[in-house]
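Trainee: Residues annotated as active site, nucleophile in TrEMBL: Cys37. What TrEMBL records for Cys308, Cys454, Cys512, Cys515 is [4Fe-4S] cluster binding site. The Mg(2+) binding site feature in TrEMBL is assigned to Ser355, Asp417, Asp418. Per TrEMBL, compositional bias 'Polar residues' is recorded for 9-21. Among the features that TrEMBL reports, domain 'Glutamine amidotransferase type-2' is placed at 37-291. Among the features that TrEMBL reports, region 'Disordered' is placed at 1-28.
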Amino acid sequence: MGKNDNDNKQQSVTRSVSAVSTERAEREERTGLTHECGVFAAIACGDWPTQIDIAHVICLGLVALQHRGQESAGIATSEGNCSPNFNVHKGMGMISSLFTDANIKNLKGNLGIGHTRYSTSGASEVVNCQPLIYKTAHGPMGVAHNGELVNSDSLRKEVLGRGVGLVTDTDSELIAQSLCRPPEKEDGREEVPELNGPDWPARIRRFMKLAPLSYSLVIMIKDKIYAVRDVYGNRPLCLGKIVPLNVGNLKVEEAKAEGWVVSSESCGFLSIGARYVREVEPGEIIELTRHGHRTVDVLKGPKSMAFCIFEYVYFARGDSIFERQMVYSMRMQSGRQLAREAPCKADIVSSVPESGTAAAHGYAKESGLEFTEVLCKNRYVGRTFIQPSTRLRQLGVAKKFGALSENLVGKRLVLIDDSIVRGNTIGPIIKLLRDAGASEVHVRVASPPLCYPCNMGINIPTHEELIANKLNPDELAKQVGADSLEYLSVEGLIKAVKHNRQPMDASKKGYCTACLTGEYPTQLSW
């Protein structure tokens, strides 16, 4: 490759990183909340080489998880036990632009893992793209991680203290380095010799005891995949079965398994010919091979799990399943609960599309008011749109939404949003609706006020940036131009989540509400 080619390649990477940074800044301004990543894995059953296009399955699985991260993505595949290396493709940008037909054809394999990233620890750079691949004494190993280690500082000191250099500044590399070490005896003073090859479950257990949260992991070695969820169950992870195309409505347990998949969310399963089986339990280590899957261990954790409640409120796609209930139905229930707690004399109910729509339908049903669309979302907004003047910047919301004025003129409106973080978006929306003819605009928020930052993988602004720490609901309503503004209570949100849930293990229940209450599941990093 010549100098010009290298220069062009570097320029291409720089432009890509710049575009991603711009998109990230816009998304933070728009929502105030950003997630960090999603993980996906797939393995074919039966004889190898398989007829299942594993790389394509993973790519489609990642497309379904794209809402969890848009900075970078990657896929690594393995052809099996005799494979000395993994086939890998990863880079900055969206999945649709990264994975062409040619790229996917080069990702030959019978099993593989994938990742789509929004950075929490580690900069938005090519070197931090996952999956991270390592050459160990026993062959290649790949790791993809969703979450953030709360004791990363102590783990980093431990790794560096062993004389190990770190290539990235991500938590995921700390996980990989921990897995490269043989397990230790109970006193932690001596490593256990592995006479018959690496004991991967023991290595994973060792890491899990060192780091209680927060993570969901997929780990690939030559011919196996391990799915791991922290003992608090803070980050989501679920298991699915690839079934024959003609299976119809046959129960999932009765259908033949052509392969198995693991994903942060179940929303993409149907699009790849898979069926939802169950969630990975907190502390569980699942091993997947060509012969099927088995639980190799379940580490004991706290009495109550700490599943991130904002997965229900905002982060997960509406068609995903947690605790055997669909996220969309929980969001509708939160709207019903909001109508009971914060009723309003109005003519119509609507939402800030699309994140508040399910709750708005629930509010409308409970209150007996009509649900009417009042905002039309512009799906073709350029990511690098430049506002040329202060006046147009103040009207910035107009490039994202249009108002359906015929539905609004002279109406008293209840506008449902899923959350308010910095409070810099709702005001321009209210002005747009008033300019379109709404006589009153009452804001109802289908989650409690966010008051605390998150140290477990969610990029929530600082304490000072969160609007709920500056203004009470009446003050905020006055600032944004609403006739009234009320939030759902913490108790109401938990009640909505519990309404239809069916956890596999009744003893494993509970939610992390740290960003709402300041009560963190562990004090390791605070």
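For all residues, glycine too, the Cβ spot is worked out from N, Cα and C.
Remember, TrEMBL labels are computer predictions, not curated facts.
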Trainee: Taking the Cβ of Cys515 ([4Fe-4S] cluster binding site) as the centre, how many other Cβ atoms fall within a 10 Å radius?
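Mentor: Neighbour count, Cβ to Cβ under the 10 Å cut-off: 27.
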Trainee: Show which residues of the chain containing Cys308 ([4Fe-4S] cluster binding site), separated from it by at least 6 in sequence, have their CB under 8 Å from its CB.
Mentor: Asn234, Arg235, Pro236, Phe315, Met456, Gly457, Ile458, Tyr511, Cys512
Trainee: By Cβ count within 10 Å, point out the most packed of the binding-site residues listed: Asp417, Asp418.
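Mentor: Max Cβ neighbours within 10 Å, all protein chains included: Asp418.
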Trainee: For Cys512 ([4Fe-4S] cluster binding site), list the number of other Cβ atoms lying within 10 Å of its Cβ atom.
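Mentor: There are 27 such Cβ atoms around Cys512 ([4Fe-4S] cluster binding site).
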Trainee: Nearest to Cys37 (active site, nucleophile) by Cα, among Ser355, Asp417, Asp418, Cys454, Cys515 (binding-site residues)?
Mentor: Cys454
Trainee: Provide, as an integer number of angstrom, the distance between the C-alpha atoms of Cys515 ([4Fe-4S] cluster binding site) and Asp418 (Mg(2+) binding site).
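Mentor: The separation of the Cα atoms works out to 15 Å.
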Trainee: To the nearest whole angstrom, what is the C-alpha distance linking Asp418 (Mg(2+) binding site) and Cys454 ([4Fe-4S] cluster binding site)?
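Mentor: For Asp418 (Mg(2+) binding site) versus Cys454 ([4Fe-4S] cluster binding site), the Cα atoms are 18 Å apart.
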Trainee: Taking the Cα atoms as reference points, how far is Ser355 (Mg(2+) binding site) from Cys454 ([4Fe-4S] cluster binding site) in Å?
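Mentor: Spelling it out, the Cα of Ser355 (Mg(2+) binding site) and the Cα of Cys454 ([4Fe-4S] cluster binding site) are 21 Å apart.
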Trainee: From the centroid of the CB atoms of Ser355, Asp417, Asp418, the recorded Mg(2+) site, which same-chain residues not already listed sit within 8 A by their CB, in sequence order?
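Mentor: Apart from the listed residues, the neighbours are Tyr314, Ser351, Val352, Gly356, Ala359, Ile416, Ser419, Val445, Ala446, Ser447.
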Trainee: Out of Cys37, Cys454, which of these recorded positions shows the lowest number of other CB atoms within 10 Å of its CB?
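Mentor: Among the recorded positions Cys37, Cys454, the sparsest Cβ neighbourhood within 10 Å belongs to Cys454.
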Trainee: C-alpha of Cys454 ([4Fe-4S] cluster binding site) to C-alpha of Asp417 (Mg(2+) binding site): distance in Å?
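Mentor: About 21 Å separates the two Cα atoms.
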